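This is the structure, below, for whatever I ask next.
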Amino acid sequence: MNTVPMFRLFLVSRAVSWVGTAMTLVALPVLLYQRTGSAAAAGVLAGLEAVPYLVLGLPAGALVDRWDQRRTLMLTSFSSGLVMASIPLASWAGILTTPHLFIAAVGVSSIFVFFDAAGFGALPAIVGRDAVPGATGAMVSVSTLVNLVGPAVGGVATTTLGAAGVLALDALSYVLAAVLLARVRWTVEPATGSADDETTDDGTATGRRRVTRTRRDIAEGLRYIWDHRVIRTLTLLGTGASISGGAVSGLLVVVAVEQFGLADDDSRIGLLYAAAAFGTLITSTFLSRIQQRAPTGLITLCALGVSWLALIWWSRNTVWLLGLGILILWQASNSLVILNGIVVRQAVTPQRLQGRVNTTARMIAWGGTPLGAMLAGALAEAWDIRTALLVTSSGVGVALAIGAGTNLRRTGKLADLIGAREMPAPGAPAERNDQPLTGAHTAVAPE
């Protein structure tokens, strides 16, 4: 099978969904802020959107590794469209409530966990493991190009069509993406099985076996992350970065209105989101070259340092135009932390563990997002926005300090990790904790 056309079709389907999501990125928090005028509510919304990954990440990764990935992608995309459509329908019927917005946001985010797990496993199967860095870079580039235009269009559309109308367009994009995914084909590796997978006439016994199997799969994913010291370290450092990231995203509309003096339906709010997307585009464009030339650990540590300085600057800025530049700098460095970790995980993790390892790692790394968003919202409500941003920026500072104190700075380049990805036989001893994170030691980990 020629994987290039299949990857292109997969990428188009994702791009269609990203267009709707990019516009909703502006419309949903604007709709909430118009209804409540509350910084705390804005923080709660951003936090709730991240909670499902914390709750469902482990079981979703284990389950999706055993499901049909293509079918999972189609069903979850269609389901997201139905949930999102409930908001504009309720708004037009005059029955929309603030709890409805929260519930729908949680619903779409919950479905995304399963979509994401299937997507992690599908990408290496479609393009081949060695092509994952290039394919990931291409997807991120398209995603960020969409996010450059989408939020700006979303800001204008929110002004002209209203926030509910924009959310209706997002619902349609999910459905169209599901239709496109139905045409994507790839070779599926058979799921690993065991005696526990055998069915019997005793439904209760079969159910217990399935629960046991799921727990075993979850434990296997956790063990792989913990025993692989590079993945473990990058994942834990990502948690600190996500605290600050949650604060920035949760308060972006609030900062635009209260710190920059914009109206809550000003189209320039969309440009702030677009500026952040431009930062990600810069990173994705140069990601492959950066990973080829720089050691993995040094990439993350430098990116954390730049991100921290940008966050402090952002907290003190009151000029909208300057804010665009600061957001670009912050998002570029923050995206480098995130994408560096994602590519490393996908490049070295065995195919059969892709779903559970990547969703588990993302669950851990994103664990700080709801904390940062809700904490920032509460602090902004009780004191002021500057205090909220300064306090939550400490997440990046702590991550940088911890990372600098480990052997991460001596990690080899991505090519070294891929070249040393062969795993020892089950039961082989794990790495010693005093080994440097260089050469073959970076990728050798028992199952």
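Glycine is no exception: its Cβ is also placed from the backbone N, Cα and C atoms.
Pulled these features from TrEMBL for this protein:
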| type | residues | note |
| --- | --- | --- |
| TRANSMEM | 12-33 | transmembrane segment |
| TRANSMEM | 39-61 | transmembrane segment |
| TRANSMEM | 73-95 | transmembrane segment |
| TRANSMEM | 101-123 | transmembrane segment |
| TRANSMEM | 135-157 | transmembrane segment |
| TRANSMEM | 163-182 | transmembrane segment |
| TRANSMEM | 233-257 | transmembrane segment |
| TRANSMEM | 269-287 | transmembrane segment |
| TRANSMEM | 294-314 | transmembrane segment |
| TRANSMEM | 320-343 | transmembrane segment |
| TRANSMEM | 364-383 | transmembrane segment |
| TRANSMEM | 389-408 | transmembrane segment |
| REGION | 423-447 | region 'Disordered' |
Between the transmembrane segment (101-123) and the transmembrane segment (389-408), are there three or more C-beta pairs closer than 8 Å, counting only pairs 6 or more apart along the chain?
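Result for the transmembrane segment (101-123) with the transmembrane segment (389-408) is no.
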By Cβ distance under 8 Å, which residues at least 6 away from the ends of the transmembrane segment (364-383) in the same chain are close to it?
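Sequence-distant neighbours of the transmembrane segment (364-383): 38-48, 50-51, 53-54, 57, 225, 235-236, 238-247, 249-251, 254, 338, 341, 389, 391-392, 395.
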Any chance the transmembrane segment (73-95) and the transmembrane segment (320-343) are in contact, meaning at least three CB pairs closer than 8 A with a sequence separation of 6+?
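Not in contact, no.
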The transmembrane segment (12-33) vs the transmembrane segment (320-343): three or more C-beta pairs under 8 Å (separation of 6 or more)?
no
Hey, which bits of the same chain come close to the transmembrane segment (39-61), Cβ under 8 Å, at least six residues off its ends?
28-29, 32-33, 98, 101-102, 105-106, 109-110, 112-114, 116-117, 214, 217-218, 221-222, 242, 246, 249-251, 253-254, 258, 355-360, 362-364, 366-367, 369-378, 380-381, 385, 388
Which one of these stretches, 135-157, 163-182, 233-257, 269-287, has the most C-beta pairs shorter than 8 Å to the transmembrane segment (389-408)?
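Most Cβ pairs under 8 Å with the transmembrane segment (389-408) come from 233-257.
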If we call contact 3 or more Cβ pairs under 8 Å (sequence gap 6 or more), are the transmembrane segment (135-157) and the transmembrane segment (294-314) touching?
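No, the transmembrane segment (135-157) does not contact the transmembrane segment (294-314).
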Out of 163-182, 233-257, 269-287, 320-343, which stretch touches the transmembrane segment (294-314) the most, going by CB pairs under 8 Å?
320-343
Counting only pairs 6 or more apart in sequence, are there at least 3 Cβ pairs under 8 Å between the transmembrane segment (233-257) and the transmembrane segment (163-182)?
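By the criterion, they do not touch.
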Restricting to the same chain and to residues at least six past its boundaries, which positions have a Cβ under 8 Å from a Cβ of the transmembrane segment (269-287)?
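Beyond its ends, the transmembrane segment (269-287) has Cβ neighbours at 22, 25-26, 30, 133, 136-137, 140-141, 143-156, 158, 252-253, 256, 262, 320, 323-325, 327-336, 339-340, 343.
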